[in-house]
């Protein structure tokens, strides 16, 4: 497995270089000059725009710009945004909050989604199966902003169970409801994916063989059935970590969470690409590393998988 991990890490190098180059190039090539509207109601003087472009290295060829970006990225020197505030400081403040939110969402997806899917698959056609099916269909049919505003209004405004907005500290108890909102769609999909996998594997030969050997239901389900049924679910959950972090913009906006989503949204609206590019790059890295982790966990769930 060690050699496989090293080979996969080496394969990530061209992917990271390619994606970061595309991000860096495309963002700075968007229509409009990000410096042109920073002088209030009047147009910015050409001398100001020229000076700002020189300050941020935009007067240089694209390959030189990209090389400077890579050097700054690996040294941690991300410079300042257009307002003179350190980009690294802003990322350092926002990143831990979004990581907590995303990890809590994945935890809810795994515990509730997999648990509901397993019960639904084992009790196929029964009351539990029908309840899970209806609940997942409702969650899948509701846009995430509807779910968020609904829970905020019911739990925060009507009953006062939670605060309608999250404080600047964004403590774990405050993030429970936002994490449930963020996880709602994927939680429903995880439950349905788990149910389908359980039902398919219940008809597999290895399950019938385990039952014929006289193994207990707990051993058949816990060791044989779940390990094989969770492989596609693990793939989905692993790839969703990066997606959850980038998709937190809506949830963070609803609950006023000062995380990466809000930072990215404000930067896009203000055309402050000095923040957009590093945030997008970090999201790519999280997505790639989570996929690598999933690949390495395959061998743990399924002993038949061997890494060469």
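Cβ coordinates come from backbone N, Cα and C, glycine included.
The annotation transmembrane segment is assigned in TrEMBL to 9-28 (among others).
Residues or ranges marked as domain 'ABC transmembrane type-1' in TrEMBL: 95-294.
Under the heading transmembrane segment, TrEMBL lists 97-119 (among others).
For the transmembrane segment (131-155), the residues of the chain that approach it from at least six positions outside its boundaries are 116-117, 119-120, 161-162, 164, 177-178, 180-182, 184-185, 187-189, 191-192, 195, 247, 250-251, 254-255, judged by C-beta separation under 8 angstroms. Taken from TrEMBL, the feature transmembrane segment covers 131-155 (among others).
Tertiary proximity for the transmembrane segment (175-193) is limited to same-chain residues at least six positions away from its ends with a CB under 8 Å from its CB atoms, namely 100-102, 104-110, 112-114, 116-117, 120, 132-133, 135-137, 139-140, 142, 144, 147-148, 151-152, 155, 162, 166, 232-233, 236-237, 240, 244, 247-248, 251-252, 254-255, 257. For 175-193 (among others), the entry in TrEMBL reads transmembrane segment.
Using a Cβ-Cβ cut-off under 8 Å and counting only residues 6 or more beyond its ends in the same chain, the transmembrane segment (233-255) has close neighbours at 98-99, 101-102, 105-106, 109-110, 113-114, 117, 144-145, 148-149, 152, 164-166, 177-178, 181-183, 186, 189-190, 193-194, 197, 261-262, 264-265, 283-284, 286-288, 290-291, 293-294, 297-298, 301. Per TrEMBL, transmembrane segment is recorded for 233-255 (among others).
Here TrEMBL flags 275-301 (among others) as transmembrane segment.
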